[in-house]
């Protein structure tokens, strides 16, 4: 994915006279966290303050190979983007000092007001970003945590931000395959190893089951297209970051020369869609699912004629990955049930309820599950 920093952030980085809220890091290491060092009653009785400080300080190396030293627990975190926001909200919601992105309009159903009302700080990378250094400093996180794919020049970007703010910017690589390792690293970083292990185990379980199902499918993958946009004429192309689970589970027919890294995908046209003519079509929420069957332009497609077209479930975010975060585990299970029900022996409703409880801390009812999937299942 190409790196795109917001204009406001680039301007902020040029303000060499800006005063930060913490000490500046050296070139080789990031600044120390501003968190205080806790002293348990047992350690207080047995050790001098110097010994306690030595015991509670620790070093963490992020996925960019950058080493950070913290003198106490990291318990105040700002997410760098929406992927990080969803991961941190799942495993450590009470550490969040603010949001990178506004929640979707339907999030109030799942996310309590006490969390939704946290201040907006902005996201660092992507389009239409407005990352505010001033807002970040006003809320004093111990770290800014970035989770996902590394971007070109990220280490240099983060080093510049650290020098300006005195706050460590930490990156942890994460794909659907490596999310268990990412949660393990998050547990070490935030001192929540036991909690993080629950999430690591879950992600590993769902991904491993997917691989087992695909072993049974073998070479008989179902050809699919995932179409987005108001007119349905954008496609999530084979090999793009957003197509990770689509390529794994389906035979993604959208092979293009330059797959887009944007969540909206590559622009295409009906002539090309006709040439691809997949067995199954997935429409993004808000696309042309409602009108495809009655539109002469779409009626010539095999998937429309056979009724093998579905709208991707969404709530509070698209299950297929917009953003490409942990809710894609929902998309994996849903795709398996739609494309290979003979191999997907699990109860999808139970799995979705389990996910919402674990990642959104929300008790999803059977009625709510039915609403989420009413346009999405055979």
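Heads up, the Cβ atoms here are built off N, Cα and C, so glycines get one too.
Just so you know, TrEMBL annotations never went through curation; they're auto-generated.
These numbers come from a predicted model, not from an experiment.
Among the ranges 20-59, 60-99, the stretch that TrEMBL annotates as region 'Disordered' is 20-59. Averaged across the domain 'Fe/B12 periplasmic-binding' (75-343), pLDDT in this predicted model comes to 96.
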